[in-house]
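Structure, as structure tokens:
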Amino acid sequence: MPKKRRSRKVSLKSDGENVRERDRERAQARAGKGSKNKDDGLTPEQRRERDAKALQEKAAKKAAQAAAGGNNAGGGSKTKK
């Protein structure tokens, strides 16, 4: 006697929406949301130059704060009283 094939049932929400389709849409939305590799139209060399310039500006700002006696420039440990 041949085995009976079980047909897969597609679960439906109460409003009739296909759950599988909804899950696909959600997965696509998540995939496009927080992609790390943002295409900013720059070559790797241009990106390196941009990042180096930003780091230099940040270091200069921190050095200026330290020279002015800023409290947040040191980054030392803080103790609670």
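Heads up, residue numbers simply count up from 1 along the chain you see.
The backbone N, Cα and C atoms fix where each Cβ goes, and this holds for glycine too.
Automated prediction, rather than curation, is the source of TrEMBL annotations.
Features of the protein shown, as given by TrEMBL:
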type	residues	note
REGION	1-81	region 'Disordered'
COMPBIAS	1-11	compositional bias 'Basic residues'
COMPBIAS	12-28	compositional bias 'Basic and acidic residues'
DOMAIN	20-48	domain 'Small EDRK-rich factor-like N-terminal'
COMPBIAS	36-60	compositional bias 'Basic and acidic residues'
COMPBIAS	71-81	compositional bias 'Gly residues'
Residue counts (helix, strand, coil, in that order) that DSSP gives for the compositional bias 'Basic and acidic residues' (36-60): 17 helix, 0 strand, 8 coil
Taken over the domain 'Small EDRK-rich factor-like N-terminal' (20-48), the model's mean pLDDT: 82
